Amino acid sequence: MFNIIKNDKNSNARLGILELPHGNVATPCFMPVGTLGVMKALKHDVLEKLGCDLMLANTYHLYLRPGIDVIKKYGNLHNFTTWNKNFLTDSGGFQVFSLSNFRKIEDEGVDFKSHIDGSRHYFTPESVFSMQETFESDIIMALDICSPYGIDYDEASLYTNITTSWARRTLCAYKNRKEGYEGLLFLITQGNFFKDLRKRSTESILELNSPGIAIGGISVGEPRDRYLEILEYNSSLIPKDKPKYVMGIGTPHYILDAIYNGIDIFDCVNPTRIARHGSLLTDNGILRINRAEFRFDTCSVERECSCTLCTRYSRGYLRHLFKSEEALGVMLASEHNIHYMFRLINKAKNAIMNDNFVKFRKLYLDKYDEGNLNE
């Protein structure tokens, strides 16, 4: 199911293979976010060409639109979307709990209002599992409570306890899954930014022995040093034979920090979100194409990059597309930023293979930061 093929000698970074129903996934792996089963401004064939083997879709959003009944009619999420690689489906917990004025948490589940039409709905660990089972997701995420940064200890403890209870119920549903369904269940550790809660949560989750473990509730607005502290601590509590997933990280700093600490999978909407506003990721920092300085620029966005944008079009032309609000500009920028993420991961993999990850991480981030400072 998960095989480690190389450990870096100077860090906890590692290379692995995660075996999933729709093909093996080489780790570390950046997972693009296709919330509704599609990447914004990117066709499936472009993603496949870039080498994407695992995409994230969101249960909350798919439940509200198009609806579970529609996806069930097609047989599963793969048939509905025609995506023939792997899907990880988030439980939707983060989205539900971000609706702070529109939801009520109970031991049984969570009552919430739709952000679309205000209609009321109720999620339980069992119902969320059932939806993902209908999707035939390759990786299923348990319903959890992602508590915000800055809450007090008692509230964090309560949410941690509920998350553990929901994990047990999800595992029970998973053990009774339909015959022939081979998706993997990842349970989620919580605990906010309190180490004793993190330890308690992780020990309880590990007792359930799910195929994979996610570290939830970090990268939620805390300072980077707090992120690093909890990331390192929580990752150290998880056995090395388990695939580890940190949810919602997508900047070069956070990703390389995660890889350094033995994390195998991560996702984020950031690369495509900033692309839609004309921000291009490069090895020298972020290039903001709407700036006047690029009007006459005949260079590619990044010489080393082999995406469609960088092999065919100039910075000046891309700026023209954005200023003209042409859809092609967003499509090209989105492809470029996803390609950048995959290139970054491949560079990290090469460094791990050569036991050079620590040096690579420092040199890469120094160069990236210098480019951003010189804007």
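Quick reminder: no glycine exception, Cβ is built from N, Cα and C everywhere.
Positions annotated as substrate binding site by Swiss-Prot: Asp90, Ser91, Gly92, Gly93, Phe94, Asp144, Gln190, Gly217. Within the same chain, the residues at least 6 positions away from Asp144 (substrate binding site) whose Cβ sits under 8 Å from its Cβ are Ser91, Gly93, Thr163, Trp166, Ala167, Ile188, Gln190, Gly216, listed in sequence order. Under the three-state DSSP scheme, Asp144 (substrate binding site) falls in the coil class.
Here Asp90 (substrate binding site) comes close to Leu56, Ala57, Asn58, Thr59, Tyr60, Met141, Met247: these same-chain residues lie at least six apart in sequence, with C-beta atoms under 8 angstroms from its C-beta. For the recorded site, Asp90 (substrate binding site), the DSSP three-state label reads strand. Residues or ranges marked as active site, proton acceptor in Swiss-Prot: Asp90.
For the region 'RNA binding' (248-254), the list of distant contacts is 30, 94, 218-220, 224, 227, 266-271, 281, 341, 344, 364-365, 368: same-chain residues at least six beyond its ends, Cβ to Cβ under 8 Å. The feature region 'RNA binding' is assigned by Swiss-Prot to 248-254 (among others).
For Asp267, the entry in Swiss-Prot reads active site, nucleophile, with the evidence type sequence analysis. Every protein chain shown contributes to the tally, and the Cβ of Asp267 (active site, nucleophile) ends up with 21 other Cβ atoms within 10 Å.
Annotation comment: Swiss-Prot describes 272-276 (among others) as region 'RNA binding', evidence class sequence analysis. Summarising model confidence by region, the region 'RNA binding' (272-276) averages a pLDDT of 98.
Cys307 (Zn(2+) binding site) counts 24 other C-beta atoms within 10 Å of its own C-beta, drawing on all protein chains shown. Reduced to three states, the DSSP call for Cys307 (Zn(2+) binding site) is coil. Positions annotated as Zn(2+) binding site by Swiss-Prot, on the basis of sequence analysis: Cys305, Cys307, Cys310, His336.
Gly217 (substrate binding site) sits 14 Å from Asp267 (active site, nucleophile), taking the Cα positions as reference. Cβ atoms under 8 Å from those of the region 'RNA binding' (272-276) belong to residues 32-33, 39-42, 286, 330, 333-334, 336-338 of the same chain, restricted to positions at least 6 beyond its ends. When other Cβ atoms within 10 Å of the Cβ of Phe94 (substrate binding site) are tallied across all protein chains shown, the result is 19. Sequence-distant contacts of Cys310 (Zn(2+) binding site), defined as residues of its own chain at least six apart whose C-beta falls under 8 angstroms from its C-beta, comprise Ser300, Val301, Glu302, Arg303, His336. As a summary of secondary structure, the region 'RNA binding' (248-254) carries 3 helix, 0 strand, 4 coil according to DSSP. When the Cα atoms are compared, Cys305 (Zn(2+) binding site) and Asp267 (active site, nucleophile) turn out to be 21 Å apart.
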